[in-house]
């Protein structure tokens, strides 16, 4: 069952699949890290991934280029983010309720508008996706070269965005503000930071990032949009960010772990046809739950996570 | 006047529904159809037409129970998003008992099938509850992830050990007919599951409002620290409320099998567990309003197909409207009635008129 680990070409193939499957989760988890560090649960990541996937399909079809898909994905997921931020930050709807509402709304909207835009289903979608290109020299590294450095632009961008997010969060005043708001919003407010404005902006960025994850599924992996195609990736991302201890780099590593778990179950489905495929299909979700159990209690979420902020003394 | 405004405010979820239908109407118009014809066809097909009403009530039975499965644990502060998985596990356990336990008197067998469904759903919900109570793991994520596990598990059983021989599609053999729920509307599929749902809604309204158990849960939900000082075992209440919620969802799975399909099908629930979340909030988390909220949502779903046949509008518009309904109700429930504001507003409006009256007298 595991003999592919000792065959170089099969191993690089497997690792390539693992890294690619981790990308949507990584985008969503990075978005989730940002919003939760600012103290806002983003249960709506799943809906944002889905709206990003839909935006990716619509944009690529309308403009004829995958870049149009990226723009629409950012736009649609960003709009979902505006709704989520309005509800959970400004109107102080319970953050979990608001997130669930966004998921149900985006599932309904994408299903309906997909039928309107693509009346003949996947057949009428002519989606031009991103092409892979090799990064000179690096792609020649044995084993790791091809899986990591012969990919497309969205793949590389997560490996640029994560260090950037880390740098913004830990090395810039704005990052300090975000973290302060997530830990002790009253103190941040006293220091003159607008808690609501910052949270609003961060939630919108968070959803837009998750939308890029959805765009990656459509523009780099499957090249069609289907109903509810996010299939729980946004929820796995929520587990990944806890596992990654609310740190962008940790979240990326956790996403890679889940991507590899997914790649492993896909490979095992083919290599062990005598074992019912359902057991492999549930593996990524079981892995997420087990990871939460193992790491629970050892990690501390941002102190003000899930609490709404009211400026008192008015 | 202030009383009228306050009353209008209390009805805010109803305004939210109208707003959702209004925005949905704009979307229908944008798709090139007349919204009034569309809604007319939908509501006639869902509530006026006898067979249409039957279809509505058939959908209503599981959604009503799934709604209760959200409301009950939420009293104790737990978000049960796992209704879908609990429905599947309830149906799985019930079908297992229905097919493989033999030699019992009919009534005992029937009771055992019901109990098995409740236990299946309840135990499935107990896992996230234990993780929440003893390890502090967020129950939202765990319940959602467990839905995917449960759906795959049922899919495995009905395409493997429990599969009907020679079936073209994964489903189990038919259960014995002494287990069937009886029909209550001649010519339609409406079964006694709807009565169970209504009775349970009323029962849980009473339990949550008047019993010490319900009040204990509310205390845990509002302020776990205070509950602890009041001598409530918070962890135990978390486990019990989730188990009860899961059991009710499990029952929803059971009645789908013994009331409607008579077999366990692969992917048999079209998201009833998630619909339960929508109706729970639409009902303002109050079991007594739940039947009305569920009737409305089930009507939308049942009428959608009629509408699609009548005017050719995509029935998935209903999913979009359902999303709008939950967004607007969630927002409306967060609003607080600002009495001083409205009092000032009314006084400001009345003030100039008295001045005008005075000037006339002069």
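Cβ coordinates are placed from backbone N, Cα and C, and glycine is handled just like the others.
Note: TrEMBL annotation is automatic and uncurated.
The following features are taken from TrEMBL:
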TRANSMEM  B:12-31  transmembrane segment
TRANSMEM  B:51-74  transmembrane segment
TRANSMEM  B:86-104  transmembrane segment
TRANSMEM  B:110-131  transmembrane segment
TRANSMEM  B:140-158  transmembrane segment
TRANSMEM  B:190-208  transmembrane segment
TRANSMEM  B:238-260  transmembrane segment
TRANSMEM  B:272-297  transmembrane segment
TRANSMEM  B:317-335  transmembrane segment
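With a cut-off of 8 Å on Cβ pairs spaced 6 or more residues apart, the transmembrane segment (B:317-335) and the transmembrane segment (B:86-104) reach fewer than 3 such pairs and are scored as not touching. Residues of the same chain lying 6 or more positions beyond the ends of the transmembrane segment (B:190-208) and with a Cβ under 8 Å from any Cβ of it are 54, 57-58, 60-62, 64-65, 68, 71-72, 75, 180-184, 214, 217-218, 248, 251, 255-256, 259-260, 286-288, 290-291, 294. The stretch from B:51-74, B:86-104, B:110-131, B:140-158, B:272-297 that makes the most Cβ contacts under 8 Å with the transmembrane segment (B:12-31) is B:272-297. Between the transmembrane segment (B:140-158) and the transmembrane segment (B:51-74) there are fewer than 3 Cβ pairs closer than 8 Å, counting only residues 6 or more apart in sequence, so the two stretches are not in contact. Each of B:51-74, B:86-104, B:110-131 was scored by its Cβ pairs under 8 Å to the transmembrane segment (B:272-297), and the highest score goes to B:51-74.
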